[in-house]
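Annotated features in TrEMBL:
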TRANSMEM  A:30-50  transmembrane segment
REGION    A:68-141  region 'Disordered'
COMPBIAS  A:84-103  compositional bias 'Basic and acidic residues'
REGION    A:156-178  region 'Disordered'
COMPBIAS  A:167-176  compositional bias 'Basic and acidic residues'
TRANSMEM  A:202-231  transmembrane segment
DOMAIN    A:208-419  domain 'ABC transmembrane type-1'
TRANSMEM  A:252-276  transmembrane segment
TRANSMEM  A:282-302  transmembrane segment
TRANSMEM  A:329-353  transmembrane segment
TRANSMEM  A:400-423  transmembrane segment
Amino acid sequence: MNSQFPINQNFTKESLKKQFRLSEFLAEKIISSIAFLSITIIILIFFFVFKESLPIFHFGKSEKAKTEVSSESMPESYGSTSVEDLKPESYGSEPKEDLKPEAYGEPVSQSDLKPESYGEPVSQSDLKPESYGEPVSQTDLKPETYGDVVVEPLTETTTKDSSISEENQHQDKVAENNEGTDQTWSTFLTTEWVPVSNNPRFGLIGLLIGTIKVTIIAMLIAGPLAILAALYTSCFASKRKKEIIKPIIEMLAAFPSVVIGFFALIVLATFFQNIFGYDSRLNAFIGGVAMALAAIPIIYTISEDALSAVPKTYTEASLALGASKWQTAFFVTLPAATPGIFAALLLGIGRVFGETMIALMATGNAALLSSNPFESVRTFAATIGAEMAETVFGETHYSVLFFIGSLLFIFSFVLNAVAEFYVKGKLIKKFQGK
Amino acid sequence: MKNTKIEVKDLSLYYGEKQALKNISLEIPRNKVTALIGPSGCGKSTFLRCINRMNDLIPSVKITGEMLVEGIDIYDKNVDVVNIRKKIGMVFQKSNPFPKSIYENVAYGPKINGINNKTELDEIVETSLRQAAIWDELKDRLDDSAMGLSGGQQQRLCIARTLAVSPDIILMDEPASALDPISTSKIEELVHELKEQYTIIIVTHNMQQAARTSDYTAFFYLGELIELGKTNTIFTKPEQKQTEDYITGRFG
């Protein structure tokens, strides 16, 4: 017997000596450093986003708000063109006097001027500044505006609120516009989102309400549907059906959100407008429905896993007590899977909350204050998505967009924290005893 | 036989192609404890689960023959499996309380049967827990989670839960196999008391337990019923050689 394990039989101090296992040590270190790295990256992203939004917090510092330079009577316009500067919108930036046919290659003398042409030559009189689309005459020139807003001086449309801020602005101008950022901060709690204007207002309330409205609508649709579908597949469907249904719904998770948005924009919007007959074709409801489509697979997959992980013994015990399948599913399996389903719902909310493309395409993008689900809304994420490309780096608008970004981050963080530490505990207590 | 509760005629059970029970025929008497013994894999648990149709949950199972409870074939097409299980309760090998409070665990059965009156429920919970001899231990912590109880307490809670739906027959699948001797003896006492009101069928690996608790004993081997008789007779003068070998520990 001893000959079989000659070394292990020796209980000496030598054989029991502490061993250093290099590979295990390294593996452990690598795994932990990767884990820390991922956490650090998340925090760094937040700090970067937040840092970019910092300028709006510098009260009274000499940060010039670049959008607030020109006169007050200017029409509200997209971009920063003033009336005096009106030009035919042209490719490049050549002043009007210098109009020349666009030429490639070396500079040409006046006599050499010929219209650049493909095909037949054109006479000198045909020369026009190169423009987008059809040529515009001087009389057609108007500042480009959002949608069908009528061009008129701001002073005529002002509400009490904005006239006050205009006064402020005047004072600011006197004080070399020093307080511009202070004013930005103070407009956060107003309701108007007019970021590009001489008198920009960054009212976040409308956006917040829009975001919450869409999230609630989407979760009201996606939550019950996804959980019931999960309950069906895990408790009632035969193995074969489950093998078909689950991958199909999960495939929806891989659907690009732009496709869902497009579908909502073209198909759903018309379909529901025909049913409900509301005014604005794209609205919070359509956005909610489309986002529900995006959230359903996530909620479904995770709740299905949670439901399937409920021990079979619970089901057996319930059935042995004379409960029907439905009673077992609703009163035993579902409560037992509460934590998992809760996590699924949270992930769904997170998805809807941060969804940009669908919001951009299907919600109408108008920051209205209304409790009517059939009004257009504008969400935080869609605002960033729509406007980030058109702001000037370092401008107030730019900072505000980043501030919205950090708000999104903070909101989902708080939501998750509250859910994890408070609501989940209560739910578990309610369904599973203390 | 007037005292027969369950009469089984020529029952065979197949898991797919494999035959797990071979032409079982037996009669189980009313208000007595019947123990099913036999080596692992001999089909005694499978047989037990046939009595309240728990095998229906396994898709590949096919059953032939008759299982008459009070003269009614429970595998008849017109019989509702849910109503059968209300009358034939089951306690499992592994204690499996629901992840709910103790009170909810016991009240679950009555609730799904439509009893929602609070005082009535309270009464049922107390009676069931008293019957399961666990009331004194748990009466102050009815709102605690059942998962926090010890193994023996959990198993008795499961028995109380079964009693709460007032069944006629209680099936026990090795109810004490995972418990310490003290808990085991408590459960055995319980079985002894319960047989006044219920017909009990208990599967056990523990020969002494079968001898102590049961009135009748059935010996299963390789899917066949070898012998059924009074426990005294089986343990002292078995008719079959195989039974004797098993009981005396020569195999199995």
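Cβ atoms are placed via backbone N, Cα and C, with glycine included.
A TrEMBL annotation is a machine prediction, not a hand-curated record.
Keep in mind that what you see is a predicted model, and the values were worked out from it rather than measured.
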In contact by Cβ distance (the transmembrane segment (A:202-231), the transmembrane segment (A:282-302); 3 or more pairs under 8 Å): yes
Range from A:30-50, A:202-231, A:252-276 with most C-beta pairs under 8 A to the transmembrane segment (A:400-423): A:30-50
Cβ contacts under 8 Å made by the transmembrane segment (A:30-50) with residues that lie 6+ beyond its boundaries: 402-403, 405-406, 409
Cβ contacts under 8 Å made by the transmembrane segment (A:202-231) with residues that lie 6+ beyond its boundaries: 184, 187-195, 245, 249, 284-285, 287-289, 291-293, 295-300, 303-304, 307, 329-330, 333-334, 341, 344-345, 348-349, 352-353, 359, 363, 367-369, 371, 373, 377-381, 383, 396-397, 400, 404, 407
